[in-house]
Structures are given as structure tokens and as C-alpha cells.
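Working notes, structure below.
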Amino acid sequence: METVDGADVSVPRSLTVTRPPSPSPSFRTETYSIINWNADHYPFPSLEHTPRCGTSGRRTVTGYYSWASVDSQSGSGPSPLKPSRSLTLGIIPRIWDAIREGSPVRKGKRRTCLPSPSTWRDGIITDTEYIDYMNMPPLDGEEGELIDDEACYIDATRITGTDIVGLLPTEIALHLLSLLDLQAVLACLRVSRTWNRLCRDSSVWRSLFEQRQPDGWDVDLRRAPQARMSASKSWLPAPLELQWYDACRTRAELDRRWTSSEGAAAWQPKAQRLSGHLDSVYCLEFDSRRIITGSRDRTIKVWSLETGRCLATFRGHRGSVLCLKFDKDWDFPTGEEGDWDDETKWRHGFMVSGSSDCSVCVWDLCARTPEAGEDCQVRAEVVAVLRGHLGGVLDLRIDDKWVVSCSKDALIRVWDRRTLQLHCTFRGHDGPVNAIGLQGSRVASASGDGKMMLWDIGTKKLVHVFDGHDRGLACIEFRDDYIISGSNDCKIKVWQASTGACLRTIVGHDQLVRALTFDPRSGRLVSTSYDKTVKVWDWRTGKMLREYRNCHVGHIFDVKFDVRRIVSTGHDQKIIVLDFAEGLDVSMFV
């Protein structure tokens, strides 16, 4: 039941609509409250006629209601109330003025679905008519507080849509865009034509590319494709400015191919098989142009990465070639004296190889820049033989200053690269030293006795002993402050060299982990095992990313990878190249 003009009016329940609660205002509303008004505090006589809401407009006054007077003590009968004139002329008129005027922004607009004028007939509602609170103007009937839905209204027409970035000088706009990440730049491409043009500027994409350098995104401008001048045999130099948009897109696609996506078919690399050795291939190294392998057939072979053709075969050992290392990309110009022969146009490099004949051969590698469509010419000759080990030389490492070798005789020998004189010998293992790692003046060694040791070349002393594998170690890789080892216990362990702590144990191979290599920046670790698999891991999380089975039909002895390839060798006399960059120009990526 509702009271209207002092009469009780019944509203059908099925036609009643409950008004949703109003939001809490962000300002004090006690002054404007008409529900919580206290008659004792604000006494004034009954107003015979009070403004009421009309319905022809959004907020118009079309009539008056009569207020029923209630005795403040008995609760019935009229009771004269004496209000303050300032209150009567101040609060109430202001409220109704606000209702009548509405928002200046929305003046002239009408709401739909409001009661018709006949609904409000002299302030009396019939039995079949009811108040639709859901569609009433926003005067809260439950709390009596004026909550206007336009109190915080912002006139959209006053927003001019000014393109602030477009008004900036081009250099400043490009600098601001270069601070964004990839997802933000891609979003900006869709804002407007001006933003699209700015976002496609090469400087923005160069900045995006450089942001990924910690993840291994790098370029070598010496490898940029060169163009031949017409009617001339000379080559134009590499471009000074790359198309960085294409570089970012290509590199992102290359990274995607290395990882398998859940719910999508993994991209399969192109496999190439190189044949030519007459026995097991024990070791390999490669750079951007060539692969060099050593075999049980006592030869060293050089292969073209471009065509897969064998470029040269070298002989210098009387036993199996078990390991080798060379200066990668030595035939790229560096500006240093002595690396270029003006008369013959050959560039000289450095290579060492270790054999079961207990010797280390030092080679002078030479290469000549090929003509268009030709393979690079390579030759080599032995310039020195390092002797001293009493067993087969199992692994080698080189840098600008040192040559380090390890052997079945449980010794590690350090040689001066410039003079080829023995600098020091490390003793401490109880079994063959199968692998070593070199980082600055520190040498890490892994032995069949199950121990891994860290040595200092400067002090010629043992620094730390790492103990954690259950069986003998077969391989090791030392980069930055991280050492990763593989063992006959089928496990791979990640160590921190400075503290000796084991950071992670990676499990997945079923047999001895024979070889591994990793990149600290990209997070990729590639390992191979006697279980005939090649696995790609994220060494920072231990998650396996890809697995390649049946690449070889026998044991796999060595594996290496770069930004675009995995190369492996094995007992089946084959060299397998898995290429992830088919159809992409990745010649400059390193």
C-alpha cells in the first residue's frame, strides 16, 4: 500500500519494480536529505502543495502533491509545524531547481519508457497505474539523496581527439616510440596512419631489436649480403642501415621455430646428411661458412655449410682425431695486421687438434674469399706438435691467450698460445679427464672419477671441487659463471662456478650424456646421448623444448649449435645438420 494525497492506493504486486540501490556519493549529503529529516529539529507547518515530478519531459514540474501531516507525538492527525523560513526558501527550492534544470550537457534530451502524462493526473494514481521506479529520473526514493547520473559526466564532444604524438617533432616522437616494447608498438601501429608511419620507422625497430640483446639477439654487419656492381667483379659493402623491421620479424620467427608450441604442430627443421669419413666421426666445430670434423679414420675434413660439399681433407695424426678447435670466422676482415696475405689473398687462422697418438697438432688454416657461386677455398698445414701427455688427448680449449688440453693420463696441461710453451700442469683427478672448459683464467675439468674441478691458471692452484654426479662425467661446458656437466648417470647438472652450488638437475636421457653445449643468453642447451637422441632444453628452467630421434643409427659423439643450426656427429660416420632457418635470411644473426 502507498499513500498518495492522503489516500491509500494499492499497487499490484506483479507490476511492482524494485529500484536498485543508489551508489554512495563522494560528498556529504546530510544537508540535502529529505528522508532522514527530523521534525523536532526542523519544525515547519505542512505544505499544502509541494512540487512533484512531471513526465512529459526529463525533469519538468506539472503539478503538486499534498503532504499528509502527522502528529509528532501521537502519530495521527494534523499538527502545525513552524519551519525556519531560511530552510524553506533555501534547501527545498534548490533541490527542486536541480531536478527541473537537469544537466546542461544533456538538455533537450528525453528518456524513453517513462510514464505518460495521464499517469500523473492531479497527483492521483489509479489502481491500474503504478510508479515505474526503474525508469524514473535519478532521485533516489530509498535514501532521499539526489544522485545525478551526470554529476561526473564528461562531454565527449569536447574531446577534440588531438594527436599529441603526431604534433611532436619527428625525432621526439620516434624516441618516445623507441622506449616501448614489442606488444605496445604493435598496438600503436593500429592507432592511425600517422602512428603507423612513425612506428614503421627503422629506428623504432632497431631499438626493439637491441632490447632483446640480453636474449641473444645480435647481428654482425660483416655478414650482411653484398651486391655486385654491374659490369664489375667488385662487391659493394654491406649496407650501413639495416631493415630493422624485417630483422625483428625474421628473428622472432627463428626463435619460434626452436620451441614447440602447445596445441600446435612444432616446426620441423630441414635435415642434411654429410658423408665422406670412412669411420666414426668423434668431434666437430663449425662457424658461419664451414664445418670441420675429426674422425677415427685419422683425418680432418672441412665441409661447406652452403652446399654440404667436402672442401678439404687434412692428415697430420697417426691415430684417431678425438678433438679439435679453431678460430671461427677467421677469414672475415678484422683490420689486424698479419691476417691477410696481399699477394695470394689468403687469410690465416689458427686450429689445434688432439689425437689418440697423445699429441696436439697446431695448424695454420688458410682461406680465400670465393667468387660468386663458388665455395670458399681452404688449406692447412701443421706448424707445431705439442707433446707431453702420456695418453690420448680427449679434449681441447683455446682462447686468445691459452691452449688447454686434457688426457687419459688424468692431467690438464696449459700452453701459451703465442710461444706454444707449456705454462703449467694441473694434477688432482684419479681417472681420465674426459672434458674441460675454459673461461678467462679459470679451467673446469670433468673426469671419469665422478669429480669436477675448477682451476686457476694465474695461481696454478685448485679452486673448488664439485661433487654431485653418481657416476663418471663425460662432458662439460663452461660459459660466463655457469658450468653444465653431463654424466654416465644420465643426468645433466647446472653449476655456478663462483659458489660451487648446483643450481639445477636435468633428467631426460636414458643413457650416458655424451656431449652438450649451451648459450647463456638465449637459454638454449643442446645435449646428445648414447640413447641416439638430440634434445633441446631451456637450461634456466630445465624444460625440454624439442627432441630429435633417429638422426643417427648409432651412438652420437658430439653436438654443436648456433643461432640457426644443430650439427651432430656419430658412430655411423655421418654429419647431420638440422637447419631451422629454411626460407629465412639469417646471414647476419650471431
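Just so you know, glycine gets a Cβ as well, placed from its N, Cα and C.
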Task: Of the residue ranges 1-27, 28-54, 82-108, 109-135, the one that TrEMBL records as region 'Disordered' - done: 1-27
Task: Tertiary contacts of the repeat 'WD' (386-416), as residues 6+ beyond its ends and Cβ separation under 8 Å - done: 319-320, 322-325, 327, 350, 352-362, 422-427, 429-438, 440, 443, 445, 447, 455, 457
- [ ] Please give the sequence-distant neighbours of the repeat 'WD' (506-547): residues at least 6 beyond its ends with Cβ less than 8 Å from one of its Cβ atoms.
- [x] 213-216, 255, 258-260, 266, 474-475, 477, 479-480, 482, 484, 486-488, 490-494, 553-561, 566, 568, 578
Task: Same-chain residues at least 6 beyond the ends of the repeat 'WD' (466-505) whose Cβ lies under 8 Å from its Cβ atoms - done: 431, 434-439, 442, 444-454, 511-520, 525, 527, 529, 537, 539, 542
